[in-house]
């Protein structure tokens, strides 16, 4: 059957991707999380956050001219841990370790590569993440903010990064590069601070959250708000809304992958539509659902449900330039740009990057567009990024 | 911009589709809901349902030979109201009124067209629907079944239909035709009772629920189970879980449509990523989300949340033939088959129909495959069905 052939091919591709990933992950770039603090920060919406702090990491060395800086902006469920390991025994390196490191596409022998935890970072309870968000203590009350934390935007993530760079004496980037929600920050950087950004790479990205994307993102927020433990976001003294958060993570996982990936996974677990458990009991689930649930539940432990709501909102409010006119904002861009969407992305479909790239081209920008392949959908931009290593490397050198 | 051109084209296509729909809807085929009862019914899972009743409708006349019967099997959120109006003033005709009626593709001057409400029909509180499911009174206890209602399958819907046909003295169909969950029933009919089915049309359908589809369907069940009013399905004496049900309907609506449709809708409501409400208040939503929510909330009033869970389960348990081997089941099919998936369907993607069609072709079946176009995704198979009118008409005459 054609489907079976497709699945077999998918398995091979996945295997080769994962092998690649393991192979490149063996170079041990040891990294540490650093802390950046601001006494006060004014959000795009005009609210003040006191005693703001975020974590950051860097790979490579800042040169004397301070002109070799590449900023990596992270995706929705990630942190500033883009590359390297915290200890030699660390089993999982940073998410883009395949392209960031000595001699790699983003060569830390040349560049000072830097990444910053966003505000309201999803992994609020991960000891390797430092963030300020609804789960943080409000210094005015001594209690967790909950929903009294102001709405934050992609622009706020950009402005915190800019404050950190300024604090390091940096006045210009060599490039900004990000995947997914990181791509939103990268393109917003290029529109808001064009003199800072000579090169911008958007991976699995978009120029704005259109009506479709905003509604899709809302699907991640809905189960959290339905969880009885959520309590309008004021749950920090009680039970956390982990069922709602687990559901949101299940949705995110599926949105970021593809039928080909799920069906290969199902095949390996001998998944069958006619499983006995769910046939005989409405409260039992098919094995693929249990697999998704258990992985999500495990991941939820270090994450905060309110933080997820705030990241959904930041992503929904995204239009590069944060104005009401994307074309005018893109007209501000001075950077050479590279868009790398994934052909079979079901979350941020390629038309989103294509639209921005086409507009930039019409505006006379030096823009490049190339679709990633592989059967991981949106995650081709994370787990399959090594396929673009040469293109990224060349783009950065020009 | 390319996107804007695409959206404008989409609006035109939508407009022409809707115009078509209105135009064909003006022929007033008046119909009435009838009731079919069974004292006892044994489910595929081996449980007994007492005093089962379902509603049914028919269009056209049964001939003396009783060999002009076309069975229409309905989709997830529909009922047996496939065509016609209940009263001359009825504003909305049955969902496939564009192709069922006097002189139409499924010509009621020739055929006796019949459709039956499924068990656990979603529209449990619609006065025009008759169904038996979790919201029904269990004759043994005098209380609503809730989750004590047995799991039901696509095969059970088929077997109830077969019992009704037998009761009418019918021993063979001219054709069985269904969209989406209706396609599951149609193809299961052709595998389970091949001597009954000389022609089968699967619209926006599949041969089985693979791991991807099962996980996607589970997304519709999750918000209901999270709603505090759901109470493990035992809510019939208290508040109904309408928030969870509304969320499920929002997900279903989005899964059944496309970015092009949403973005056209967003455009018409002057949707903007940077709306003031959601920028200033985490509890306010973008206009596209409010639009989706309000429509879903309104629809939820006549629907039952447990029924939705049971329809999700029936769809998850679907493999044509209800065995563990799809190919063997398809080898039983004697029908000439026609598959009409939708090119841009994000819910039941075309590969699902293609796989069954390819397998049938390899088995020597007289099978036909044609993708529906339009910008409505899955709903091209409902609102856009008139594009296939000629093909369906020819297929039925051969």
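Numbering starts at 1 and runs along the chain as displayed.
Heads up, the Cβ atoms here are built off N, Cα and C, so glycines get one too.
Features as listed in TrEMBL:
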- B:180: active site, nucleophile (ACT_SITE)
- B:345: active site (ACT_SITE)
- B:378: active site (ACT_SITE)
- B:149-253: domain 'AB hydrolase-1' (DOMAIN)
- B:1-25: signal peptide (SIGNAL)
Fill in: active-site residues: B:180, B:345, B:378 - member with fewest neighbouring CB atoms within 10 Å
B:378
Worksheet item: If you measure residue B:378 (active site) to residue B:345 (active site) at Cα, how many Å is it?
Response: 4
Response to the item:
the domain 'AB hydrolase-1' (B:149-253) resolves under DSSP into 60 helix, 11 strand, 34 coil
Practice prompt. List the Cα distance (Å, whole number) between residue B:345 (active site) and the residue listed as 'active site, nucleophile'.
Written response: 11
